[in-house]
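Q: Have a look at the structure that comes next, please.
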């Protein structure tokens with residue numbers, strides 16, 4: 001820290017009582033200066049020789065009845081008694097030390113006392129300006145300290161432009177080439193630096209942690225000045241906002257709903273809304289994770305609708321960067337669910353809107369498809385997780401969210417299957433119709449062999465879906481290698497679907513009869529049907545690895561599914577009776 005010493009005489013100020021200060025000298029005092037609740041017994045000559053304001057006040061002063069000294073009251077001097085005492089010592093030529101912590105108070109007090117060059121050469125205002133310009137404002141940390149102290153001395157600090165000069169100094173240094181930074185700064189994130197940067201390198205965001213010490217209004221002014229001057233990348237501005245939020249917002253890293261103090265809530269709400277307004281417009285300036293943390297905090301602190309909409313829009317632009325944990329946003333108290341599912345639905349809608357806009361601008365299809373694939377994977381994982389923890393999640397809401405990404409490209413539907421399976425597992429009380437509707441979200445042709453193996457043994461899935469999976473697995477096994485695994489090109493898709501409908505028609509009769517049987521009979525019936533289905537689908541595979549499935553074009557009756565050469569047998573009739 002820079003400092004400056006003024007004067008050479010020893011300090012002879014002493015205290016008589018708690019609120020009385022005087023100069024220990026043989027010469028009797030002849031003026032009493034009252035500053036707040038402190039009385040200073042001083043001498044007119046050294047004071048009046050340097051202060052134009054005291055000259056004016058002494059002309060209209062009253063006399064102290066006890067000491068016959070003239071009495072001056074200056075209750076509104078910036079900095080109060082401590083600042084006035086430094087100014088008085090300067091008038092006496094006594095040694096005083098100035099630094100970044102007291103320079104604002106003394107500079108404003110000197111301005112108040114009108115200690116200008118017109119009164120005496122080398123007066124206090126001049127010396128303070130020399131110290132500020134040659135030392136304080138050239139120091140990174142001193143400039144920040146001075147800027148912080150200016151708040152307590154408005155409007156005087158503003159009148160002498162101390163705040164503006166500090167802002168300019170800080171912005172100039174922040175925009176400087178990091179290679180030229182040769183002063184100390186606070187940086188506790190070095191472990192996050194890329195491996196190619198050694199410990200001696202200065203990171204481009206070297207300044208952001210020091211600015212996190214500022215109040216939000218000063219921080220906003222500094223960042224605005226930095227952006228106006230240019231030379232700092234939007235990504236670094238975004239990093240500064242994230243570091244500031246992490247330091248200043250309680251529970252920012254982990255969503256916190258414990259907000260009992262209304263005054264604190266209002267303060268944090270204002271801070272959040274200010275940070276949102278400061279977000280750079282560039283898409284890559286802030287991470288999706290940071291935006292989601294802001295959104296979570298805005299829910300906790302009940303920020304305005306405008307801020308939430310802006311955050312949702314920004315998140316929608318880069319939703320593919322999020323992870324499942326990011327989307328677990330706690331709902332306001334009193335809701336049906338623990339987590340806010342509606343807000344996730346809004347984020348998906350925003351993503352869809354943004355991709356449509358990119359399509360209109362003829363953006364690369366590969367980029368859009370890649371983003372959609374990532375979002376589809378994200379939402380599949382989210383649905384699986386939210387199904388696990390939300391017992392009140394409705395089938396309608398589950399399907400609504402899943403359908404929003406149903407047309408997005410996927411390498412497989414394993415994620416969709418896992419989400420459906422978890423939903424059925426955690427919500428056993430849903431109706432058969434709801435099970436059927438939710439299961440339709442999955443394309444059985446796009447399941448991996450591992451997922452198929454799990455699904456065919458999954459008792460939670462409707463039997464019709466299990467039959468479809470078995471059928472398409474058989475088709476996949478018998479299709480020539482040159483054809484797509486899903487068998488979904490041209491007329492082959494129509495034929496496959498018709499054949500599958502014939503196979504799955506078996507389940508219709510089974511389901512009807514199942515409703516009339518006991519629990520044990522249901523299990524037995526399903527086992528018989530499943531055994532029969534396996535037999536029908538894999539007969540061909542046992543014979544030279546090729547199966548032949550024929551079906552009626554119109555009938556969905558159980559008898560419409562036969563293998564070549566298969567005839568009605570007593571066992572067949574027994575299966576139908578059991579089903």
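Note that Cβ sites are derived from N, Cα and C of the backbone, with glycine treated the same way.
Pulled the feature table from Swiss-Prot, pasting it below:
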DOMAIN    29-100  domain 'BTB'
DOMAIN    205-476  domain 'NPH3'
MOD_RES   417  phosphotyrosine
REGION    479-526  region 'Disordered'
COMPBIAS  485-494  compositional bias 'Low complexity'
COMPBIAS  502-512  compositional bias 'Low complexity'
COMPBIAS  513-524  compositional bias 'Basic and acidic residues'
REGION    540-579  region 'Disordered'
COMPBIAS  547-562  compositional bias 'Low complexity'
Q: Counting by DSSP, what is the helix, strand and coil composition of the domain 'BTB' (29-100)?
A: 26 helix, 21 strand, 25 coil
Q: Identify, in sequence order, the residues in the chain of the residue listed as 'phosphotyrosine' that are 6 or more apart from it along the sequence and have a CB within less than 8 Å of its CB; answer 'none' if there are none.
A: 442, 447, 451, 455
Q: Check the domain 'NPH3' (205-476) for me and report the mean pLDDT.
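A: Averaged over the domain 'NPH3' (205-476), per-residue pLDDT gives 91.
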Q: Quick one: what's DSSP say for residue 417 (phosphotyrosine), helix, strand or coil?
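A: DSSP call for residue 417 (phosphotyrosine): helix.
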